[in-house]
Amino acid sequence: MPSIALAGVTLDWADTLETICIESVGKGFTEFKSVHTLSDDFDFSSNPNDNENEDSESDDKSQESESPAIDLFSLSEQDLDALDYYKVLHLPFKATLSPDDVKKAYRKACLKYHPDKSGRGEEDAVFLKVKAAFDILSTQKLAYDSTEMPFDESIPDEKTDNFFEDFGSCFQRNLHFDARLLPTSNKKSNRRKSRSSRTSMLKPLSLGDESTPIGEVNQFYDYWAHFESWRDFGMQASRELETQDQLEQAESRYEKRWYQKEIDKRAKKLKQQELSRITTLLERAMAADPRLLQEKQRLIREKEEKQRRREEEALEKKRQEEESRLAEERKQKEVEERKKEEKLQREKEKKLLRKTKQVFRRHVSEALASLLESEHALEDEVDMICSTLNREQLTKLNTNLDSKSSPGEVLELVRKRANNVKNMEKEAEEAPVVVASTTNSDKSATGPKKKPFTKDEMSTLAKGVKKFPPGGANRWDQIASYINNVCHPEMPRTREECIETFNQNKASTASRNGTNAAAATTDAPATDGASTEDSWSDEQDKALQAALAKFPASIDKNERWASIAKSVEGKTKKQCVQRFKVIRDAIKNRK
């Protein structure tokens, strides 16, 4: 700053003069400076806070103005050759320096070092140095910055004690070559690639410290995993191959193309080495980062915890399955034991019944022997009683026989009980028809009057009786559904209507044929739905009774019923068994 001597207030000169510094400021001063120095470092028409890049440029320019300019005329030839181009043009070394900045610096330097100003001739080494600096920084700035400017390419070791300090400074140094931080004018060729990159941010994150959240740490390493270096190794490749002079002096374009191809091949290999260096830096940092190590341990513990929970759940599931299996086995065992117990109980009941029958037969045999009668005199009555009465009834009968004092009373009681059994059988034969008619009369008294069956319905009923034979489950329900599906009556026919109509038709047919109406029993009683299609005549009933008496229950069951069926004309073994069961069940129900 200019120094001004401050005089005294009076016209007399002071004994001592004080020297002070005056700082030149203001818009007028900056305009005056820009006119005389061909510089526009300060522009009051723009907002200094427009963007971050402008702020950084203004900081660099302020540093430039503070750093003293080197007088190139005062340097020796050796010092001049060792001077880099940025110092020659008095420019800061940064990647964001634009060609306009280089042009302004060159114009400023020409005011001092141009031969017209210095008078040192066209071959002046200083001016040639200035011109070379302008040519290189204008056209090959990135290549010059990549290899000609000093740069520390060393990578810290993984076992460093100061991880954040060593690796933080290393990442900060290499951030200088980040292609995503270049101005847009220098990234036109990479615009499509930069847009597709998911980490193309203008403000890269710092390495941080131990308190940095793990999310920001992952973002930092993700940024460097997609690092794009703008380093151009063309100059270094040309220098190593010593082909720059041949390239400039090539006589034909084919020869020039060949030299350029060799340079590009070498530069590509150097570029790959640079990418490998950045990858090594990233891998070492991630391997030594204590935050990632802690996160890795946390993930391992979390994975082990999940594995432990899965194993516990698997063990619990296995335990529950084992308990279910054991419970099922216990249940199955209980069922089997209950079946065995029931079987033993049935066997025991059979033995008791057999013994009771033996006692009853012995009573009759002893009474007959005492009266000197034939032992086969009451054989039919004894077989009927033994086949009809259950064990409790036989036990009670034996008790009554024991109380009789004479054999005649014993035989009289046996005959009386046999007559009762016969009467019960006859009542059982008439019981189904009576029950059905009683039920129908009750329904007609309470419910609405049903329409009689038409000829088609009667025909379909006869077909249904043949289609669904006796013994099947829900036989009459199926017959009723069959009639409704075929004839489609206004009111669907019910199971009871079908049974009633069938019994009425059966009774009318039996009366026309002169048979006993009681013999025309329904083959489907209203109680259980089981019925027989065939009817039994008096002769067949008598033949069945005679056969039952002739073939006692003591012989083999199959052989006995086969013999009985042969004795009953027109009936099979199965029909004889069913007839016997119907009579027996009717007698039991009556009791």
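Cβ coordinates are placed from backbone N, Cα and C, and glycine is handled just like the others.
Annotated features in TrEMBL:
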- 43-68: region 'Disordered' (REGION)
- 84-148: domain 'J' (DOMAIN)
- 186-207: region 'Disordered' (REGION)
- 303-348: region 'Disordered' (REGION)
- 425-457: region 'Disordered' (REGION)
- 445-506: domain 'Myb-like' (DOMAIN)
- 507-541: region 'Disordered' (REGION)
- 507-532: compositional bias 'Low complexity' (COMPBIAS)
- 535-584: domain 'Myb-like' (DOMAIN)
DSSP residue counts for the region 'Disordered' (303-348), split into helix, strand and coil: 46 helix, 0 strand, 0 coil
Three-state composition of the domain 'J' (84-148), taking helix and strand from DSSP: 45 helix, 0 strand, 20 coil
Local confidence of the domain 'J' (84-148) - pLDDT mean: 84
